[in-house]
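> From Swiss-Prot, for reference:
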type    : residues               : note
BINDING : Gln127                 : L-ectoine binding site
BINDING : Lys133                 : 2-oxoglutarate binding site
BINDING : His144, Asp146, His245 : Fe cation binding site
SITE    : Trp150                 : site 'Important for ectoine stabilization'
Amino acid sequence: MQDLYPSRQRADAEMRPRLDPVVHSEWTNDAPISARQAAAFDRDGYIVLEDIFSADEVAFLQKAAGNLLADPAALDADTIVTEPQSNEIRSIFEIHAQSPVMARLAADARLADVARFLLGDEVYIHQSRLNYKPGFKGREFYWHSDFETWHVEDGMPRMRALSMSVLLAENTPHNGPLMVIPGSHRTYLTCVGETPDDHYLSSLKKQEYGVPDEESLAELAHRHGIVAPTGKPGTVILFDCNLMHGSNGNITPFPRANAFLVYNAVSNRLEKPFGVEKPRPWFLARRGEPAALRVERGPLVETVPA
């Protein structure tokens, strides 16, 4: 397969145009989001959905997340990532396969139907995780495009995927919220340097390869600005796979947590990685022939046992 988005192959970074649509469906009155929201996603590369879950559903999700964090021994050890300088849990991967509540969340029509509309296809979960940024100790995560990594290290061929961050704690301007460069999703910023074997073992704690150069980042930030979407628990932040994003550390006493779901179009199934010989492991990237997600409707608390 032709590599339409080469990266980590040259000595200098390049800004290349995006070759894929952002919104893959024509908006109609039957769409799960408004015309204004669809236009905003196309223009900015992200939107924020508020008040789509009830207070009971949010509490239900928070309890499920707390159960995952409280009993790491019950989880697959490979799926747990700790902070760089401590044993504090930073992320738990494959939550949709390790928690019935998170599996039901991933399949919920309020999320999955939006993904199906924006991607113009049936979808499956490429990756899922619970992110936790503890108070005082939560470390930063540097600027990056998810697609650059998914393309080079996982073999995702096209920009036909998106992420949804379901906030499980209040995201404020101060506790290390997600930051995005709106509009950056229309530029593919290549990275410099060959990727070492088993790069994921270190990159999940601190990424050193597949990192954008400062000059290009500055140009994107000056061109588009930087936004930090915030919200109360239950808020959902959707963003395109190529949107440049990152987060600061959390030196406040207020932890930040979110359930993170990556939806990929079934037609965009992973191929051989475009930049490495050995693909990343199963809990970071769903390989093989994907089955379309079976969308479920109704309140979370009525359809999943506690």
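Note: Cβ is positioned from N, Cα and C throughout, glycine not excepted.
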> Report the member of Gln127, Lys133 (the binding-site residues) whose C-beta atom has the most other C-beta atoms within 10 angstroms.
Lys133
> Hey, for the Fe cation site built from His144, Asp146, His245, who else sits with CB inside 8 A of the CB center?
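Same chain, not in His144, Asp146, His245, Cβ within 8 Å: Trp143, Ser145, Phe147, Glu148, Thr149, Leu243, Met244, Gly246.
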> By a simple count of other Cβ atoms within 10 Å, which of His144, His245, the binding-site residues in the record, is least packed?
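Counting other Cβ atoms within 10 Å of each of the binding-site residues His144, His245 gives the minimum at His144.
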> If we count other C-beta atoms within 10 Å, could you say which of the recorded positions Asp146, Trp150 has the fewest?
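Selected from the recorded positions Asp146, Trp150 on minimum Cβ neighbours within 10 Å: Asp146.
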> Using DSSP reduced to three states, classify His245 (Fe cation binding site) as helix, strand or coil.
strand
